[in-house]
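**Q** After the C-alpha cells below, expect a handful of questions from me.
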Amino acid sequence: MTRDELNDYDWDSAVVDTSVFNPLPIGARDLLPTTSRRRRSNRERLLRVFEGWGYREITPPLLEYFEVHARGLSADMAERCVRFIEAGTGDVVALRSDVTPQIARVIAQRVGGEVEAGDQVRLCYAATSVRLPHGRHDRSELHQVGVECVGEQTPWADAELIGLADEALSALGSTAHRFDLSHTGVGRKLIAGLDLPKAVAKELRARLGRKDRGGVVDLLGSRCAPAQVDAVAELCELYGPPAILDRARELLAGVDAGEARAALEELRAVVEVVQRQTPAVAERLLVDLGEVRGFDYYTGLRMRVWAPGASEPVVRGGRYDDMLTRYGATLPASGLAIDLDALDEALMAADSGQADAAAPATMLAVQPGEPSGAGQRRARAAELAASLRRDGQRAWICAVAEVESALRQASRRGAQGLVWFASDGSVQRWREGAEGWSQQPS
Amino acid sequence: MGPVPEQITWALPKGRILEQATPLLAAAGVEIAPALKSVGRKLLFDLPTGERVLLVKPVDVPTYVEHGIADVGIAGLDTLLEQGRDLYEPVDLGIGRCRMAVAQPRETAGGLRRGMTLRVATKYPRCALRHYRAKGIQPEIIPLFGSVELGPITGLADQIVDLVESGETLRQNALVEVETIFEVSSRLIVNAASLRLKQPAISRIIHGLRTTVEERARKVAASQ
C-alpha cells in the first residue's frame, strides 16, 4: 500500500451517535481523495480507449420515467429501482438503474433523423446507476464505464466487444483476466423444447444456474426422455476452454434442438473470429454453456470478464437484440460495461492501476496576527502560490496558528513542502523527506 | 478481496460433517486427516499438497466461498437455501443427510385451531416463510438460535420448522413430524470467479468428488 493509500484510511471520522443521526443510507459509500483520484484516472483512460475505437461519449440523465426505463430492465432489476412521484404530474420517476436502456431510448428516439436505416451507432458513457441494495450486493451505486454498439448483428461485432474489453483492461495493467462466454440461446432453446410448466422451468433455470447436475436430473427425470435429461444435465459441465464446444455439438446432435444448435454455432463463430484475429486474447477465453441467468435481457452472446482479486466480474456485456425494440426501433445491439469498483479491487490486488502521479504540492501557512500584517503576509503567500501553480505545482493557502500544526496538516493533505509565514514577518521553508519534516535554508 | 491466485482454498465445516467428508475428500485426492490431527486448534493451515484449509462454523462456509476468500467449500442444502447465495453447487456429496420438516405437539396432530395466526419457531426463517407462503398461509415466524423443540412445549409456537435426522429428539419432546419440506444433504460449493480463474484445478476437484460419490452410490446399491 502506498503512503497516499494510507492517507485515505487515515481520514479520521469522529464517532457519531447513530441514535441521533445515521451518516449514510445503507449501500452508500464515500470515495475518499486517493481512491477518487485513481477512479478518475481509470475512468479517463478507459474512455480514451473507447474513443479510439470510435465510440462517442454521451451523458444520459439520472432520472427516467419508471415505465419507460423498466421496459429495458429485467424483472429483478425493475424491482430494485429507486422510485418517487413527479411533482405536478403524479408520474412515477426512477433513478437510473442501468445505462443500456437509456442509450437504447436515446437511439430509438432518433431513428429516421440522426440515425438512418442501416447506420451503425457507437456510443460510450461513464455513469453511476442506483439500485436498492440486495443480499450481498449491498452497494447501492454501480459505477460503470461502458459502450453500446447498435446496428450490427454479426460474429465480428461480438468479437469486437471481446477485443475492446481486452484492450481496455490491458491499458490499465490487467494481465490475468479471463473471459467467460456463453450464449443465452443454447440453454433457453433447450429448456423451451422440453415444454415444462412455468414453475418447473423456473426451478430448472435456478438449478442450472447453480450447476447442480444432480438437482437437474432429479427435477427432469420423470418428466422428459432420457436423452433430453442427459443433454440438459450435461450443460452443468459444459464449461472450460473453447474445446468444449465440440463436446456440446456432439451432445446436441443427439436431441431435437435445432435452435439450440444454431445458438451454439453462433457462439463458435465468435470464438473462431477471436482465435483468428487476436490469438493472444483467445488464450483468455472460457466458454460456459450452462449459464442461463440474465435470460430476460440478453438474446445472444453473453460475456463476463473475471480478474484475480475481484469477487464480481470486472466486465459484463453481450448482445441484446430486442432492447431497441422495447423503445420502438428494430435494431440489433450489443455492449459492455466495466464495473469500476470490481476493476479497482482487481488492480489493487495486482498492484497496478495507480493514478498518474500527482503534481508536487506545497502548503502555504499564514500565521494570524494583527490585521494589516496578516493581510500583507496573505498577499505574499498568494503571489508565491500563483507562481508555483504557473510552474505546474499544486499550492494552497491556510491560516494556521502554530508551525507544528501546519506541518501536521500539510502531511495529512499530501503536501511535500510547507512555507510558513510567521507573524513576526519571517518566512520558513520546510520539506518532508524520509525522516520527516526538515527546515530548508532560506 | 477475491481469490488468492494459484492456490486452492477450502472452507470446511467444523464438526460432524467434516468427519463424513474427510474420506470423500481423500478419495478425490485431498488428504486432510493427517493435517487435522497435527494442527491442534488452528483454524487455518496448508496441506502438504498445497491447498489451504479454513475451518469455519458450518453456517459460515457459504459466506467465505461467496466472497472468494475460499474457492470451494462444503455446505448443507439447509444453509444454502436459507441464505440464498450466489454460488455453484455442482456435487451432492450425499453426506449429512436429513430433512427440513414441520413438527408440532402430538396432541394437536389432528389439526390446529382455525382462525388464529400460526406461530412457527425456527432457525430457518426464510425457508419456513417460503414454505408457508406457498401454501397460502401467512405465519408469524419466531426466529430461535437453538432448542427449537421447546417452542411448542412452552406455548411459544404452534409448530416448528427444523432439521430432522432420526426423529428421536422430536419423540423425546412429544412432537410429531407432520410434513417434509425438502431433503437435505451436503454439497460441494464453488465460487463463481474461482471456477473461471482456477478452472483446471476446480474441474479436477468437481470430477474427482463426483466420481467418488457415484462409486460409493454404486457400491451401496450393489450391497443391497
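Including glycine, each Cβ sits where the backbone N, Cα and C put it.
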**Q** In TrEMBL, A:Asp98, A:Val99, A:Thr100, A:Gln144, A:Glu148, A:Arg293, A:Tyr297, A:Tyr298 are given as binding L-histidine, so which of A:Arg83, A:Arg131, A:Arg276 is in that site too?
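**A** Only hit among A:Arg83, A:Arg131, A:Arg276 in TrEMBL's L-histidine site, alongside A:Asp98, A:Val99, A:Thr100, A:Gln144, A:Glu148, A:Arg293, A:Tyr297, A:Tyr298: A:Arg131.
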**Q** Check the DSSP secondary structure of A:Thr100 (L-histidine binding site), expressed as helix, strand or coil.
**A** helix
**Q** Quick one: give me the count of other CB atoms within 10 A of the CB of A:Gln144 (L-histidine binding site).
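**A** Within a 10 Å radius of the Cβ of A:Gln144 (L-histidine binding site) lie 25 other Cβ atoms.
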**Q** Please list residues from the chain of A:Arg293 (L-histidine binding site) whose Cβ is under 8 angstroms from its Cβ, counting only those at least six apart in sequence.
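**A** Sequence-distant Cβ neighbours: A:Arg205, A:Gly209.
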**Q** Around A:Tyr298 (L-histidine binding site), which residues of its chain at least 6 apart sit with Cβ under 8 Å of its Cβ?
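**A** Counting only residues 6 or more apart in sequence, the Cβ neighbours of A:Tyr298 (L-histidine binding site) under 8 Å are A:Thr184, A:Gly318, A:Arg319, A:Tyr320.
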**Q** I'd like to know which of the binding-site residues A:Asp98, A:Thr100 has the most other Cβ atoms within 10 Å of its Cβ.
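**A** Neighbour-count leader: A:Asp98.
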